[in-house]
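Taken verbatim from Swiss-Prot:
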- 1-10: topological domain 'Cytoplasmic' (TOPO_DOM)
- 32-55: topological domain 'Extracellular' (TOPO_DOM)
- 77-94: topological domain 'Cytoplasmic' (TOPO_DOM)
- 116-161: topological domain 'Extracellular' (TOPO_DOM)
- 183-194: topological domain 'Cytoplasmic' (TOPO_DOM)
- 11-31: transmembrane segment (TRANSMEM)
- 56-76: transmembrane segment (TRANSMEM)
- 95-115: transmembrane segment (TRANSMEM)
- 162-182: transmembrane segment (TRANSMEM)
Amino acid sequence: MASRTVLLPSAVLILRLLSLGLLAASLALIAADKLNVDSDPPQRYTFRDVYAYRYVLAVAVIGCAYTLLQLPLAAVSIIASGNNKRGIGAGGGSVAVALLVLVLLADVVFALLLATGAAAGFAFTYDVKRYLDGQFDDDSIGTPEVDKLHRDMDKFFDLAYAAAGLMLAAAACMALVIMLSVYSLARQVRSDYI
């Protein structure tokens, strides 16, 4: 059975790994999202054609890089906790607290960035999908070309919704990491000064 001191850093590592997986899936979905329109000339739309989707992709890339940088710190924290040390900045008193606060602030900025990426993806997709659904009047529904275009557009926007949803789930994971980090910081400050 894992000791109680290892549970908190282990939970943080698991949440960071989950966040990385969600961001990688979001990145894959938004990068693969495309819409082909059979017109004269044929047109193809991808995330590059929509600034909000470019932002979602950029946030996913930055998020993956940040999470990959944080994974070794989470692993070191588990090892140090298993050895009855304090993890990041072990034994440094106020230096350890300063490092924990720095990591915590970086996590907050990262969580906010993820939330804005998800919001941009959701907001643009909702507005454009609602507008385009209103453009398909009842007279044009039923023709095979229009039905195919409508299905293709729905698929394009559904993939964008999925990418934004995965990014929102990654932001929720980071919010949990922040809560666990604040608890750990409060526990460490209490043990240092009381």
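Glycine is no exception: its Cβ is also placed from the backbone N, Cα and C atoms.
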Considering only Cβ pairs under 8 Å, which range in 11-31, 56-76, 95-115 makes the most contacts with the transmembrane segment (162-182)?
-> 11-31
Other than its close neighbours in sequence, what residues sit by the transmembrane segment (56-76), given a CB gap under 8 Å and a spacing of at least six beyond its ends?
-> 9, 12-13, 16-17, 19-20, 23-24, 26-27, 30-31, 47, 87-88, 103, 106-107, 110, 113-114, 116-118, 120-121, 160, 163-164, 167, 170
Residues of the parent chain within Cβ reach of the topological domain 'Extracellular' (32-55), under 8 Å, 6 or more residues beyond its termini | 116-117, 120-121, 123-125, 145, 148-149, 152-153, 155-156, 159-160, 163
Pop the mean pLDDT for the topological domain 'Cytoplasmic' (77-94) in here, whole number is fine.
-> 62
Could you tell me how many residues in the topological domain 'Extracellular' (116-161) are helical, how many are strand and how many are coil under DSSP?
-> 38 helix, 0 strand, 8 coil
